[in-house]
């Protein structure tokens, strides 16, 4: 799909980094909402949170990712470090 192609392009350009989900430790659910589930984890000594969208290939997921990338330098916006695949989905 065009969304998968866009995602692959961003990974190749280095705009988005891929993280190995098997390296996440102490994964815990910290919230649920209409758009997905939010998790806490430890990644090589760094505390992180990540989101499992309800529909990982949906237009809404890619649009959210685009907005977060565009606003990555804004002080009040959560920084997107990258994506991973785990639990059978793409995770943000």
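Cβ coordinates come from backbone N, Cα and C, glycine included.
Straight from TrEMBL, the features:
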DOMAIN    24-92  domain 'Protein kinase'
BINDING   51  ATP binding site
| Can you tell me how the residues of the domain 'Protein kinase' (24-92) break down into helix, strand and coil by DSSP? | 12 helix, 33 strand, 24 coil
| If you average the pLDDT over the domain 'Protein kinase' (24-92), what number do you get? | 81
| query | So for the residue listed as 'ATP binding site', how many other CB atoms are inside 10 Å of its CB? | reply | 19
